[in-house]
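Asks: There's a structure below that I have some questions on.
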Amino acid sequence: MSMILSASVVRVRDGLPLSASTDYDQSTGMQECRKYFKMLSKKLSQLPDRCTLKTGQYNINFISSLGVSYMMLCTENYPNVLAFCFLDELQKEFITTYNMMKTNTAIRPYCFIEFDNFIQRTKQRYNNTRSLSTKMNLADMQTEIKLRPPYQISVSELGSANGFSHVPVGEYKDTGKISAAPHQRLEPVTLPGIVSFVLSLLCGALNLIRGFHAIESLLQNEGEDFSYVIAFFLGTAACLYQCYLFVYYTGWRNAKSFLTFGLICLCNMYLYELRNLWQLFFHVTVGAFSTLQIRLRQPQGKSPDYNV
């Protein structure tokens with residue numbers, strides 16, 4: 001009998017489970033599939049936004065979007081188009097119910113467990129095809145799957161102890177990969193993110209102006225220390241680089257943001273004699289705030305299609 005057995009919602013960046021359906025099947029096959037679920041969860045950020053893993057008599061399908069992945073386990077003969085329609089429905093409901101700030105800042109596993117009620121109702125509908133709404137646009141989903149079929153993950157890719165063996169980037173070409181690509185799209189900008197961006201630009205401009213004033217003072221007074229000029233311009237570069245990291249995705253982005261914040265702190269420590277405590281506090285606080293916003297703004301998958 002073809003049917004959906006279980007489903008879960010997982011955060012992409014760290015594999016944190018946000019919600020899941022309650023299933024009581026303790027068979028050997030189901031236990032093995034749960035292991036695959038955990039292994040896949042740890043590597044979601046390195047996989048395309050639509051994938052299928054065939055594990056004997058079961059299939060695991062998932063889609064990822066806006067930093068969240070929606071996974072489901074079904075029997076091998078369950079129709080592909082219905083499986084991805086089911087996941088698409090979970091995705092739309094989850095995005096409507098919870099904002100990205102909540103999902104990004106969640107720290108406890110299954111903190112949205114109440115979403116299980118919707119998963120269970122939807123699973124029952126999809127397991128009884130006669131009760132499915134006739135308004136479902138299966139033709140559109142079928143066409144989309146034909147034009148952009150899900151990436152087929154082989155069981156051999158799960159063979160290493162830490163999860164996946166290395167898969168060359170070329171294998172993910174044209175599959176909507178949500179990995180650390182140089183031009184990876186980031187999640188939509190939030191109001192705190194815009195504020196941090198503007199404040200970082202302001203700090204950079206203030207450092208630049210003070211740097212030019214330090215040069216003028218150096219030219220007029222030979223006793224002035226040239227290292228102050230360097231500190232001001234390094235502070236400017238650090239603030240502008242924080243703006244760049246906020247707007248664009250790069251490799252080791254979080255590490256770079258912390259190193260940049262460290263440089264801002266060092267520059268302000270060196271400029272202690274030229275700034276009062278409020279100025280120092282402002283520059284360091286803006287640097288910390290911008291670092292936090294860079295950390296919170298994660299890569300996103302393919303935006304959901306609402307057929308508007």
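The first residue you see is number 1, and the count goes up from there.
Every residue, even glycine, has its Cβ placed from backbone N, Cα and C.
Here's the feature list from TrEMBL:
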- 8-119: domain 'Longin' (DOMAIN)
- 189-209: transmembrane segment (TRANSMEM)
- 229-248: transmembrane segment (TRANSMEM)
- 255-272: transmembrane segment (TRANSMEM)
Asks: Could you give the residue numbers and ranges of same-chain residues that sit at least 6 residues beyond the transmembrane segment (229-248) on either side and whose C-beta is under 8 angstroms from one of its C-beta atoms?
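Replies: Long-range Cβ neighbours of the transmembrane segment (229-248): 186, 193, 196-197, 200-201, 203-205, 207-208, 210-211, 214-215, 218, 256-257, 260-261, 263-264, 267-268, 270-271, 283, 286-287, 290-291, 293-294, 297.
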Asks: Over the span of the domain 'Longin' (8-119), count residues by DSSP class, listing helix, strand and coil in order.
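Replies: When I sort the residues of the domain 'Longin' (8-119) into the three classes, I find 49 helix, 31 strand, 32 coil.
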